[in-house]
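Below you'll find the structure, written out as structure tokens, and then a few comments.
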Amino acid sequence: MEIPVEFLLEKTIIVTAVFTISLVIAMYSTYAERKVSALLQDRIGPNRAGPFGLLQPLADGVKFFMKEEIIPSSANKALFILGPSIAMMTACLTGAVIPWGSYLEIGGDQIALQVTDINIGVLYIFAVVSIGVYGVMIGGWASNNKFSLMGAIRASSQMISYEIAMGLSIIALVMTTGTLSIGEIVQQQTTDWWNIVYQPLGFFIFMVCSFAECNRTPFDLPECEAELIGGYHTEYSSMKLGLYLFAEYINMFISSAVMSAFYFGGYDIPYIETLGLDQNTVTILGTLFFFTKIVLFIFLFMWVRWTLPRFRYDQLMNLGWKIMIPMAIINIIITGACILLF
């Protein structure tokens with residue numbers, strides 16, 4: 001079956017746009033991280049590279065490219081290179097099923113601002129995120145360094161533990177919406193209340209698990225400098241280290257987008273239809289509103305990092321297995337009871 005050229009061109013443009021936006025936001029998240037930490041610590045932050053330090057991410061990128069590529073002599077070279085590649089690849093793939101806006105009307109055609117709206121989009125995100133564990137584990141093991149291996153083991157156990165609670169929290173959301181399509185979940189919220197109204201406990205569980213999945217403070221045990229030097233990427237340098245750091249910030253961006261889409265209406269602006277605007281204007285405003293929500297969640301990630309202390313490892317595991325998972329199961333029971341009664 002021949003694929004229309006227009007379809008290929010449309011999807012190529014959307015894929016390129018999503019990939020580029022993800023990289024740019026990841027770059028400037030590093031700048032925002034420093035500015036937020038400076039704000040909370042009564043400092044100025046980066047202000048040398050360009051006006052207000054806005055060129056600092058570009059300076060960091062040049063620095064990573066110029067650093068020497070070092071592969072330890074005792075490392076498994078193939079897997080050492082493969083680890084950060086897997087981490088970066090899985091971070092970028094998750095954006096394919098997120099609806100970044102409604103649709104644009106161009107030349108009589110409706111162009112959806114989504115790479116693909118598969119009917120199992122929720123499962124796709126969990127499948128891709130699960131593969132990301134291999135990038136961390138392979139990188140830590142291939143380094144042939146005890147600190148790297150310990151960090152990789154910590155990361156794997158942490159991510160697997162919190163994926164269970166995250167999955168259970170999404171089961172309650174799927175019970176409420178009746179679909180696994182992310183596009184349909186967002187579309188339902190444009191004609192009804194946002195899902196945060198129906199699933200406040202589910203959102204809280206999902207948000208906490210997102211912090212753990214992204215290895216962000218207070219869940220940054222896999223790379224805590226005080227115990228493990230740098231964790232699973234201790235032996236990495238140059239762009240291979242840059243790929244791991246980029247993947248972390250892209251994961252933070254995608255997690256913020258998923259939380260916004262699942263629980264806060266995605267691109268939906270309440271009552272915008274009463275303004276009588278044309279479809280393209282509504283879509284553009286909705287996309288800008290969606291990214292505003294994402295930026296607020298990214299700020300929350302950074303705010304928590306610079307205000308809360310790190311958990312001990314036993315506290316981390318106890319929180320995941322003894323508190324978050326039972327809470328998620330209780331949330332499913334409550335959701336089922338509400339569906340039956342109301």
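Glycine too: its Cβ is placed from the backbone N, Cα and C atoms.
Per Swiss-Prot, the features are as follows:
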type	residues	note
TRANSMEM	7-27	transmembrane segment
TRANSMEM	78-98	transmembrane segment
TRANSMEM	120-140	transmembrane segment
TRANSMEM	166-186	transmembrane segment
TRANSMEM	193-213	transmembrane segment
TRANSMEM	245-265	transmembrane segment
TRANSMEM	284-304	transmembrane segment
TRANSMEM	322-342	transmembrane segment
Leading contact stretch, 7-27, 78-98, 166-186 vs the transmembrane segment (322-342) - CB distance under 8 Å: 166-186
Long-range neighbours of the transmembrane segment (7-27), counting only residues six or more past its ends (CB under 8 A): 57-58, 60-61, 91-92, 95-96, 100, 111, 113-116, 246, 249-250, 253-254, 294, 298
